[in-house]
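Below is one structure, written out as structure tokens, with a few remarks after it.
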Amino acid sequence: MAASLVRLHFHDCFVNGCDGSVLLDGSDGEKSALPNLNSVRGFDVVDTIKSSVESACPGVVSCADILAIAARDSVLLSGGNTWKVFLGRRDGLVANQTGANNGLPFPTDSLDTITQKFANVGLNQTDVVSLSGAHTIGLARCTTFSSRLFNFSGTGAADSTMDTEMVSDLQTLCPQSGDGNTTTSLDQNSTDLFDNHYFKNLLVGKGLLSSDQILFTGDAAASTTKSLVQNYSSDSGLFFSDFTNSMIKMGNINPKTGSNGEIRTNCRVVNS
């Protein structure tokens, strides 16, 4: 669940700030937004944590803070580093499906679009690259990268920036008429270990998502993100340091404090 819990924190903070809004149930909730539908998970884990916390100290720890701590511990337990999580966020009262559809990066977005979406919440290009490094753990569904395997951008062939052997393997795993929910590792050959292998893959055309590979390949990357990818691929300490700083920045996006928001008793619904 590690990658999924990190992603929940990320998808929460990019919409309405870090306020637990991604956890709210409802047909108009963020769970049903296109970037989240059939892909975000871990809600039952958060429910279990919340239940334990409420038993120990009711009405004290917000769902938003739980997401921030769970993301940190998921990185640590996967082999990454740790950091001090600032606490005191309160939970929002509304979800924002439109905000999730418009604000969350898509795997098919251009580098300029991704950079702008990060800038919209106060994050810079270093944050784009370092936080993308979270893809060193976790899985992706065929539907998020299948456009790279067949008739890419109307070329009639696969994406030429992807390693040819990897293309062949993925075409077998994800045939055009296959189940788009089949999954494979985001970080090929280093699935569950939080390390800098993700960046090493980008250097040889083995980024799974288009939004991964464009950090290294293409005109837009040449003068922006490419050098960071190279640096992280050769210096895991630098990656861990920048990733930590970026996670702290992300966790501080527009938090609700004081009398703003509430401490939800159940992370799925606002208090009655």
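Cβ from N, Cα, C; glycine included.
Note on the domain 'Plant heme peroxidase family profile' (1-271): its mean pLDDT in the predicted model is 97. Annotation source TrEMBL lists domain 'Plant heme peroxidase family profile' at 1-271.
Listed in sequence order, the residues of the same chain lying 6 or more apart from ARG7 (site 'Transition state stabilizer') and placing their CB within less than 8 Å of its CB are VAL40, GLY42, ALA134, GLY138. The site 'Transition state stabilizer' annotation in TrEMBL covers ARG7.
For HIS11 (active site, proton acceptor), the same-chain residues lying six or more positions away in sequence with a CB closer than 8 A to its CB are VAL22, GLU30, PRO35, ASN36, VAL40, ALA100, LEU104. The active site, proton acceptor feature in TrEMBL is assigned to HIS11.
What TrEMBL lists as Ca(2+) 1 binding site is ASP12, VAL15, GLY17, ASP19, SER21, GLU30. In sequence order, GLY92, ILE253, ASN254, PRO255, LYS256 make up the list of same-chain residues 6 or more apart from GLY17 (Ca(2+) 1 binding site) whose Cβ falls under 8 Å from its Cβ.
Within the same chain, residues at least six positions away from CYS18 (disulfide bond) with a Cβ under 8 Å of its Cβ are HIS9, ASP12, ALA64, LEU67, ALA68, ARG89, MET250, GLY251, ASN252, ILE253, ASN254, PRO255. Taken from TrEMBL, the feature disulfide bond applies to CYS13-CYS18 (among others).
What TrEMBL records for CYS63-CYS267 (among others) is disulfide bond. Counted within 10 Å of its Cβ, the other Cβ atoms near CYS267 (disulfide bond) come to 22, all protein chains included.
A simple way to gauge crowding: the CB of PRO105 (substrate binding site) has 21 other CB atoms within 10 angstroms, across all the protein chains here. If you look up TrEMBL, you'll see PRO105 marked as substrate binding site.
Under a cutoff of 8 A between CB atoms, and with a sequence separation of 6+ in the same chain, the neighbours of HIS135 (heme b binding site) are LEU186, ASP187, TYR198, LEU208, LEU209, ASP212. Per TrEMBL, heme b binding site is recorded for HIS135.
For THR136 (Ca(2+) 2 binding site), the count of additional Cβ atoms within 10 Å of its Cβ stands at 28 [all protein chains shown]. Marked as Ca(2+) 2 binding site by TrEMBL: THR136, ASP187, ASP195.
Using a 10 Å Cβ-Cβ cutoff, CYS142 (disulfide bond) registers 19 neighbours. Taken from TrEMBL, the feature disulfide bond covers CYS142-CYS174 (among others).
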Between ASP19 (Ca(2+) 1 binding site) and CYS13 (disulfide bond), what C-alpha distance do you get in Å?
7
Are any of CYS13, SER21, PRO105, CYS174, ASP195 (the recorded positions) within 10 Å of CYS63 (disulfide bond) when you go C-alpha to C-alpha, and if so which?
SER21
Under 8 Å by Cβ from ASP195 (Ca(2+) 2 binding site), counting only residues of that chain that are 6 or more apart:
GLY79, GLY80, THR136, SER236
